[in-house]
Amino acid sequence: MRLPVLGKDTVRMRDPEGLQDKITRIQRGGQEKLQIISDFDMTLSRFSRNGERCPTCYNIIDNSNIISDEGRKKLKCLFDIYYPLEIDPKKSIEEKYPLMVEWWSKAHDLFYEQRIQKDRLAQVVKEPQATLRDGYDLFFNNLYQREIPLFIFSAGIGDVLEEIIRQAGVFHPNTKVVSNYMDFDDNGILTGFKGDLIHTYNKNSSVLKDTEYFKEISHRTNILLLGDTLGDLTMADGVSTVENIIKIGFLNDKVEELTEQFLQSYDIVLLRDETLDVVNGILQFVTAKN
């Protein structure tokens, strides 16, 4: 029996029968064996609303009044140069990798110049009304109530990401975030970023220093992986034993050019779908017996 939610017109599947088999096996394993690994920007957060692009964690800072007009122009220039390269279907991940390092590094350098103040971040997040996808409350609350761990692996800004979820009222103890976190001095002024740089195409075990997380939940061998780029496909690399994994890709941009490429790697591809309906539908089904 196919789940009704998989009949949405935004849904594309590489192998519908194989997918249904995976869903059934995950359901049989029960919620005690399940974990969720997800990207944040444009995966848990919306790509657009009413035809307007929604901001990423970086965009929220870029467009805020804590950045000078000159700084904003420079950051917009970086976006205009590097974003088309990030999603270029003709470039390989190997070609994109150094370009993403350049982009993130240049953006971070511009942030340092702005002397960003820690105590202004909460207000900055409120201003653009950064939006989580429709159905976010059911998603976060259902996982929390069923004690299913949610691992958010983001190339965005951890401080901003956490504030968005917190202000939405769904930041629960079952949520673990690995991202680029700001480092502030004793006066609350940005001096750098902590740890290794995380960008779109190195979201794998190479930057996962805190492997204790996956050791603690090593019995959770069934995974739902949520992403919006081909770089997100490696987010489960830190999991030592995987029995079943369902990869769900949100394809937001260059849909016609990238659909086939996404279908080669993701089990489910969602075309311009601003909801978490499919994810929630699968979660409700696989946890129904529990």
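For all residues, glycine too, the Cβ spot is worked out from N, Cα and C.
Bear in mind that the values here come from a model prediction, so they are computed numbers and not experimental data.
These features come from Swiss-Prot:
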BINDING   D39, D41, D228  Mg(2+) binding site
ACT_SITE  D39  active site, nucleophile
ACT_SITE  D41  active site, proton donor
BINDING   E86  CMP binding site
BINDING   E86  N(7)-methyl-GMP binding site
BINDING   S154, A155, K203  substrate binding site
Give the helix, strand or coil assignment DSSP yields for E86 (CMP binding site).
helix
Apart from D39, D41, D228, which residues in this chain have a Cβ no more than 8 Å from the mean position of the Cβ atoms of those residues at the Mg(2+) site?
F40, M42, T43, L44, S45, S154, G227, T229, D232, F250
What count of other C-beta atoms do you get within 10 angstroms of the C-beta of D39 (Mg(2+) binding site), across all chains shown?
25
Do you see any of the binding-site residues D39, D41, E86, D228 whose C-alpha is within 10 Å of K203 (substrate binding site), and which ones?
D39
Checking the contact step here: among the binding-site residues E86, S154, A155, which have a Cα within 10 Å of the Cα of D39 (Mg(2+) binding site)?
S154, A155
When you average the Cβ positions of S154, A155, K203 for the substrate site, which other residues in that chain have a Cβ within 8 Å of that mean position?
D39, F40, D41, F153, G156, V178, S179, N180, I198, H199, T200, G231, D232, M235
Which has the fewest other Cβ atoms within 10 Å: D41, E86, D228, the binding-site residues listed?
E86
